[in-house]
Amino acid sequence: MSDPCGTKPVQESNPTMSLWSLEDRHSSQGRPQPDQDPVAKEAPTSELQMKVDFFRKLGYSSSEIHSVLQKLGVQADTNTVLGELVKHGSATERECQALTAPSPQPPLVPRGGSTPKPSTLEPSLPEEDREGSDLRPVVIDGSNVAMSHGNKEVFSCRGILLAVNWFLERGHTDITVFVPSWRKEQPRPDVPITDQHILRELEKKKILVFTPSRRVGGKRVVCYDDRFIVKLAFESDGVVVSNDTYRDLQGERQEWKRFIEERLLMYSFVNDKFMPPDDPLGRHGPSLDNFLRKKPLPSEHRKQPCPYGKKCTYGIKCRFFHPERPSRPQRSVADELRANALLSPPRTPVKDKSSQRPSPASQSSSVSLEAEPGSLDGKKLGARSSPGPHREGSPQTCAPAGRSLPVSGGSFGPTEWLAHTQDSLPYTSQECLDSGIGSLESQMSELWGVRGGSPGESGPTRGPYAGYHSYGSKVPAAPSFSPFRPAMGAGHFSVPTDYVPPPPTYPSREYWSEPYPLPPPTPVLQEPQRPSPGAGGGPWGRVGDLAKERAGVYTKLCGVFPPHLVEAVMRRFPQLLDPQQLAAEILSYKSQHLSE
């Protein structure tokens, strides 16, 4: 059938393209007549068939497609038809679900894999199946369980039902019970049986299996049911539920012996309650949940709570768990000190730190080469300022050896003096701190030995310049500070302590560690008498007492803490002498460095 334009209809090999071309053609030709039947009169048969074929490829039935097309018309948009088909399909599915409501689950279900599952199951059963697949198959020794429940006198079939229901409640689906077939016979007074109908019910559910037996010449021939039990459990990698140890079967095969030792689940009956142990393989074995699973769950390694609770007197040696105690390493102080000593990095020697600074010998040689003829003799000045040959190379030397005063044209300027003072004192204090507490006292004695050795010699008096006159009593007379004192001749050389405090016109220091700027010096012909360095009232006496006290505190703390921790904390807090406060700081310092 041809269209109004005289062209042939679109090939049916591509229904999607034909559907869209038909829609475009109908939209371009004009509006449809509302008084005509959209299916019978307007749309050709081939067009209707193409649409039906198209939607059938999407999975819808012909009846559904025809009903929707009769409702919407052939000219309806594809998305509209699809939306109506989806609604129609969902309504049909709801009607089918309402008609096929799931029946209540019976108390006893067949073993997994023996019979096909019915199609009308609850939605939660797939999760139960997945849960049951993680559980081991269970093989129950029916004779042993029934006789145990009957107190070794009666074959109580109710005991078998209690055991089966216990495993069903835990999610097991693969359960097998073995019972000799002669137990189906009528009970006799010498062989009492109770609730014999339970055996037939369990057999109908494909849970109970009768082992074969027969009569030969009026005598019963019974097959060994224990071999059925062990063999099935071994082949299915399951669990045997019995209080029998199967000693005769353990001797038959070595793999059976090991299997029975590892997979035998014993039990007890408390009236009508089936109770297997929570630790089937002993206190140190797996739990009952892991014992019945193919892949055991990850266990929480947590200690058993201490039975004494807060009244426990074992302290950190208690092997039980104490929830009231904070989570800290349960080790003694000695063990912690040993562990910290092994973990702490080795300390670098002091000579490595001193090697980073320029050598004093190179400084003295460079100064002496720059000296002019009219200035001080460089060699003589270096010899006077050096502490002596016995101190060279010593690791505890605090004062720089071989250091000489800067010489420039026979006089000192403020720039040269500032550079010299900044290069001398900070090295002394820093290296003494690095060498430990015990070296502070030796540092003081060595410094006083350099200065002249006599108790009556001059000492420091002014605070800002107290550490700047290590050359005061040793430097000979020479022309000094010619830019500031042109009228002064070769007089007595004075050290920075002889100068007046800096006037307010000098700029303030940018950093607190910088020395004060020096003003023009005043002529000093003779140094005044100052108190001896050993006097208790002077600052040097106070420093000596402080060093002795710090040495005592250091010795006490080293008896408790590692020496490197004590040194590190005492370097942080040089003015702190309270042992308790220092101990607290050491503990906090140790915890910070251990966490790093």
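Glycine too: its Cβ is placed from the backbone N, Cα and C atoms.
Look at Swiss-Prot and you will find Asp226 tagged as Mg(2+) binding site. If you look up Swiss-Prot, you'll see 10-19 marked as compositional bias 'Polar residues'. The compositional bias 'Low complexity' annotation in Swiss-Prot covers 356-368, 524-533. Here Swiss-Prot flags 135-290 as domain 'RNase NYN', drawing on sequence analysis. If you look up Swiss-Prot, you'll see Ser344, Ser435, Ser439 marked as phosphoserine. For 42-87, the entry in Swiss-Prot reads region 'Ubiquitin association domain', with the evidence type a curator's inference. Taken from Swiss-Prot, the feature region 'Necessary for interaction with TANK' covers 81-150, and the record attributes it to similarity to another entry. Residues annotated as region 'RNase' in Swiss-Prot, with similarity to another entry given as evidence: 112-281.
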DSSP-derived structure type at Asp226 (Mg(2+) binding site), helix or strand or else coil: helix
Cβ atoms near the residue listed as 'Mg(2+) binding site' (within 10 Å, other residues, all chains): 19
Counts of helix, strand and coil residues, the region 'Ubiquitin association domain' (42-87), according to DSSP: 35 helix, 0 strand, 11 coil
